[in-house]
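Below: one structure, written as structure tokens.
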Amino acid sequence: MERPRGAADGLLRWPLGLLLLLQLLPPAAVGQDRLDAPPPPAPPLLRWAGPVGVSWGLRAAAPGGPVPRAGRWRRGAPAEDQDCGRLPDFIAKLTNNTHQHVFDDLSGSVSLSWVGDSTGVILVLTTFQVPLVIVSFGQSKLYRSEDYGKNFKDITNLINNTFIRTEFGMAIGPENSGKVILTAEVSGGSRGGRVFRSSDFAKNFVQTDLPFHPLTQMMYSPQNSDYLLALSTENGLWVSKNFGEKWEEIHKAVCLAKWGPNNIIFFTTHVNGSCKADLGALELWRTSDLGKTFKTIGVKIYSFGLGGRFLFASVMADKDTTRRIHVSTDQGDTWSMAQLPSVGQEQFYSILAANEDMVFMHVDEPGDTGFGTIFTSDDRGIVYSKSLDRHLYTTTGGETDFTNVTSLRGVYITSTLSEDNSIQSMITFDQGGRWEHLRKPENSKCDATAKNKNECSLHIHASYSISQKLNVPMAPLSEPNAVGIVIAHGSVGDAISVMVPDVYISDDGGYSWAKMLEGPHYYTILDSGGIIVAIEHSNRPINVIKFSTDEGQCWQSYVFTQEPIYFTGLASEPGARSMNISIWGFTESFITRQWVSYTVDFKDILERNCEEDDYTTWLAHSTDPGDYKDGCILGYKEQFLRLRKSSVCQNGRDYVVAKQPSVCPCSLEDFLCDFGYFRPENASECVEQPELKGHELEFCLYGKEEHLTTNGYRKIPGDKCQGGMNPAREVKDLKKKCTSNFLNPTKQNSKSNSVPIILAIVGLMLVTVVAGVLIVKKYVCGGRFLVHRYSVLQQHAEADGVEALDSTSHAKSGYHDDSDEDLLE
């Protein structure tokens, strides 16, 4: 589609409407740790901590959708309807397991969080706020359920009827710690902030007055939920070792802080007055003992991020306005410069995904193009290969469609921006080694964007479409324990269409697709894929949900209330193991409006537990059953036991995905294109980049110049193949020193009183230095060659389309001190 500049035409808004802010954010998610991103003009969406947070407000109604249908139907042609049998007595079973709760308040927004895993505990915070001329009046109510939302109890008295600051959300502790922190609003003249803490799954709360005013939500250590850190409004870094009972300021002038492994804290600090003034000159510090001792591990820092086992820093280059990514795998003790193009002030880097084996890195293109290049790393995170050109990633708002399909290893989906400004979806099944278009669903026709009505592709709507306010209520959905299932909105043609999308499903991790539902829907997965539930996205009141017990082939509709509600959100426990779904919305009369939830338990639909005969063997990534390499991805095959579509039974909460791996012989598919090589579109072999032909491949690693001899291939990080093809590849140490990083803490840590000593030493050694230079010039031929080789590699990076430009200081002018979201998203 053409890149929309605003909301799509024809999207009507109901004056009072409903706004859904649906955020499913697991704690410490790497997902997209964006480095250097120029901040959006508006404040970013607030991020709730904890396993999952869902927030709804009374704004903006959804655009109109199809009228809900009753009964049952099959995806595809109407003639196939007779293939779908009606589940016996499902209406009576669901009616007996539908629970309504009406919330007796008129709050304008609702936030919901699960506390713990499989505990059934849900906290709901409702907020009502009226801004007055000078101050604002606010009221909060807190509700608790311990049966997955079937019943709620008002526990506002446990927080002394205090107004809770919704921008901090509900900070839920990791794992099953049962810890909850709510940040309260305090009067302007107070010495510090106030929090309410619970360590028993919100049965009781303790009020604690803070010695500082918090700037950010309390951050739990992933290893010990008693350890907390927070930033103050005065940029102090505060740490608690006893779940917030007592706090200690361990450092001042802090811009951004993050927990690392083993309770390590990384943070940036300014030295010249403010984070804004020092952007690009920040220092990166580390403490391994909660603030007793510190080590400066980097200077000239623009931003930093964590992903997998890698620590990243964006560093200002010497005597330049460009930045380079540096990588450490030992918590910052040593650094190496990533073999990536440098970026200018108006550009950014973004960590799209990172695990223990590799990194997906986006490098923005110069200018306001809205796209860049995806690079994939080696297992050290240092040497990168080009993976995908013209990757859509807008600078305004910072939107990318990059999606990790968690239901099948190695699969990612994203969008590219074509030269005609149309947006197309691409998918990789081998962790970025090769990208291709999504296959056209068999039960769909090509739309008006297709030049050939018989040949087109499926294009997926994700974050970018949502940001442009298209009629797309949800991003793509997949779950690790619902093997192979992917659900997404999309259109079928030559590019993404602005027309009303339909919902598509894949049951094999994205290899094949089928239209599942007509028109936009909200959807969720229950019982590890045993049930899929959907609700139509409509601006009219609704009272119908749809569900499928065969991975979206056949659908039943159920009227959950006789009084339709204005729908605001669909909520289910994270992890896709629950049998319960909650429908949230409100009812409205002439003068009143009330929040209401309906929780539907599907336990009686799947009455029996699944047995061995209910499962069948499925070979993942299978595309050619006659080929001995069929199913080989990243060096091995995986056979799964999957629930038969015809089996109506319950996987249960204890269900564990059963899989049997087997190693494959190595082939071209097990190799990425090496440094200096790329795969043309729809090609399997790697070819040399034109701008590198005739040049020797040399790069700087750990301060030593290395020479690369390659046939164009390097093994994909994490690939398990053995034997078979083994392309020649050799890295040789040239025994020459080079600049492997721009971080040099020792220079920054020099005290001012050491300057005379340094000057004296320099004066005494001046003659020796001059003589040494003359000797080197006369007898050593490698020095000039070394500098030349390094500059050649830099020219290659620039020729690759990401050269350094004169800065317009977009990033700096947009940065503001009161938000850590500007440095890393």
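Each residue, glycine too, has its Cβ placed from N, Cα and C.
Since we're looking at a predicted model, the values are computed, not measured.
For Asn96 (among others), the entry in Swiss-Prot reads N-linked glycosylation site, with the evidence type sequence analysis. With a cut-off of 8 Å between CB atoms and residues at least 6 apart in sequence, the same chain places Asp604 near Asn96 (N-linked glycosylation site), listed in sequence order. Asn96 (N-linked glycosylation site) falls outside any helix or strand according to DSSP and counts as coil.
All protein chains shown were included, and the count of other CB atoms within 10 Å of the CB of Asn160 (N-linked glycosylation site) stands at 11. Annotation comment: Swiss-Prot describes Asn160 (among others) as N-linked glycosylation site.
Annotation comment: Swiss-Prot describes Asn272 (among others) as N-linked glycosylation site, evidence class sequence analysis. Taking the Cβ of Asn272 (N-linked glycosylation site) as reference, residues of its chain lying under 8 Å away and at least six apart in sequence are, in sequence order, Asp278, Ala281.
Same-chain neighbours of the repeat 'BNR 4' (285-296): 227, 237, 239, 241, 248, 250-251, 260, 262-269, 331-332, 745, 748-749, counting only residues six or more beyond its ends whose CB sits under 8 Å from a CB of the stretch. Feature annotation from Swiss-Prot assigns repeat 'BNR 4' to 285-296.
Counting every protein chain shown, 19 other Cβ atoms lie within 10 Å of the Cβ of Asn404 (N-linked glycosylation site). Here Swiss-Prot flags Asn404 (among others) as N-linked glycosylation site.
Summarising the annotation, Swiss-Prot assigns N-linked glycosylation site to Asn580 (among others) and lists sequence analysis as the type of evidence. For the recorded site, Asn580 (N-linked glycosylation site), the DSSP three-state label reads strand. Residue density at Asn580 (N-linked glycosylation site): 21 other Cβ atoms are found within 10 A of its Cβ, drawing on all protein chains shown.
According to DSSP, Asn682 (N-linked glycosylation site) sits in a coil region rather than a helix or strand. Counting every protein chain shown, the number of other Cβ atoms lying within 10 Å of the Cβ of Asn682 (N-linked glycosylation site) is 9. Annotation source Swiss-Prot lists N-linked glycosylation site at Asn682 (among others).
The region 'Disordered' annotation in Swiss-Prot covers 804-825.
If you look up Swiss-Prot, you'll see Ser809 (among others) marked as phosphoserine.
The phosphoserine annotation in Swiss-Prot covers Ser813 (among others).
Look at Swiss-Prot and you will find Ser819 (among others) tagged as phosphoserine.
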For Asn160 (N-linked glycosylation site), what is the secondary structure by DSSP, using just helix, strand and coil? coil
Grouping DSSP H, G, I as helix and E, B as strand, the residues of the repeat 'BNR 4' (285-296) number 0 helix, 5 strand, 7 coil
Cα proximity to Asn160 (N-linked glycosylation site), best match among glycosylation sites Asn404, Asn580, Asn682: Asn580
Give me the Cα-Cα distance between Asn682 (N-linked glycosylation site) and Asn404 (N-linked glycosylation site), rounded to a whole Å. 22
Going by DSSP, is Asn272 (N-linked glycosylation site) part of a helix, a strand, or coil? coil
Alpha-carbon distance [Asn580 (N-linked glycosylation site); Asn404 (N-linked glycosylation site)] in Å: 25
